[in-house]
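A.B. asks: This structure is in structure tokens; I'll ask about it shortly.
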2 protein chains.
Amino acid sequence: MSSWLDEVRWDAQGLVTAIAQDAHSQRILMVAYMNRESLQLTAQTGIAHYFSRSRQRLWKKGEASGHLQTVSELRLDCDGDVIVMQIAQAGGIACHTGRESCLYRKLVDEQWVVTDAVLKDPDAIYGGHTGH
Amino acid sequence: MSSWLDEVRWDAQGLVTAIAQDAHSQRILMVAYMNRESLQLTAQTGIAHYFSRSRQRLWKKGEASGHLQTVSELRLDCDGDVIVMQIAQAGGIACHTGRESCLYRKLVDEQWVVTDAVLKDPDAIYGGHTGH
């Protein structure tokens with residue numbers, strides 16, 4: 001039991017929100033969840049690990065796509081339920097849609113407008129399987 | 001019923017995660033939650049509104065502290081359950097602890113180390129009441 005992990009305020013499902021921010025551009029690339037195991041692995045290995053709520057399992061980001069995230073900093077928020085990571089994104093693609101960032105829609109005149117191009121076809125990334 | 005609000009994937013409690021990012025420095029200042037009403041008010045007024053889970057009510061950030069957040073951009077993530085706002089933070093203090101950002105703890109050698117100074121005593125901000 002590591003005490004730094006005990007300071008995290010895990011929710012009823014044992015998760016915290018985890019934000020991946022590009023260490024260079026400071027753009028927010030994705031937001032997902034971590035359980036205790038994934039946060040510990042992230043800190044130990046320096047590679048971002050999440051917990052997939054849809055698949056209910058540990059998820060090493062990039063395990064299918066090769067789009068690994070190398071973590072240079074971990075921060076915890078004031079009430080302990082948010083982690084922010086400074087990362088370097090392999091391939092420059094964080095989103096399963098093949099875009100740099102998952103935040104590719106912007107509100108303009110009461111419409112969500114896509115602002116980012118698809119850099120790589122998801123079929124080419126995942127070989128026909130969707131995923132991160 | 002505005003269709004852009006229907007594209008948001010509200011959770012079982014009717015909430016989405018909302019991230020406030022400083023439009024100038026790109027630092028992540030805080031992470032909280034919004035319900036439909038607070039997101040609509042944020043878009044309409046250009047001032048960040050959240051939903052306080054602890055108090056179970058609409059929460060205009062800065063209503064007690066004066067530390068309002070002026071919103072210049074709203075983004076939605078790929079699966080629709082995260083909002084990222086570009087904001088200007090009145091008073092330069094987002095955190096209820098009196099710091100610029102709620103992300104004031106950094107992991108160093110398996111310890112969360114405080115990296116940010118308290119800019120204003122919370123008692124002076126809230127007059128003895130804690131809150132945001």
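Backbone N, Cα and C atoms are what each Cβ position is placed from, and that goes for glycine too.
According to TrEMBL:
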DOMAIN    A:30-103  domain 'Phosphoribosyl-AMP cyclohydrolase'
BINDING   A:Asp77, A:Asp79, A:Asp81  Mg(2+) binding site
BINDING   A:Cys78, A:Cys95, A:Cys102  Zn(2+) binding site
A.B. asks: Can you check how the pLDDT averages out over the domain 'Phosphoribosyl-AMP cyclohydrolase' (A:30-103)?
C.D. replies: 97
A.B. asks: Only counting partners 6 or more residues apart, tell me which same-chain residues put their Cβ under 8 Å from the Cβ of A:Cys95 (Zn(2+) binding site).
C.D. replies: A:Leu29, A:Met30, A:Ser101, A:Cys102, A:Tyr104
A.B. asks: With an 8 Å cut-off on Cβ-Cβ distance and a minimum sequence separation of at least 6, pull the same-chain contacts of A:Asp79 (Mg(2+) binding site), or say none.
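C.D. replies: Looking at Cβ-Cβ distances below 8 Å from A:Asp79 (Mg(2+) binding site), excluding near sequence neighbours, one finds A:Arg9.
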A.B. asks: So among the binding-site residues A:Cys78, A:Cys102, who's got the most Cβ atoms within 10 Å?
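C.D. replies: Checking each of A:Cys78, A:Cys102, the winner is A:Cys102.
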A.B. asks: How many other Cβ atoms sit within 10 Å of the Cβ of A:Asp77 (Mg(2+) binding site)?
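C.D. replies: Excluding its own Cβ, the number within 10 Å is 24.
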A.B. asks: Across all chains shown, how many C-beta atoms besides its own are within 10 angstroms of the C-beta of A:Asp81 (Mg(2+) binding site)?
C.D. replies: 15
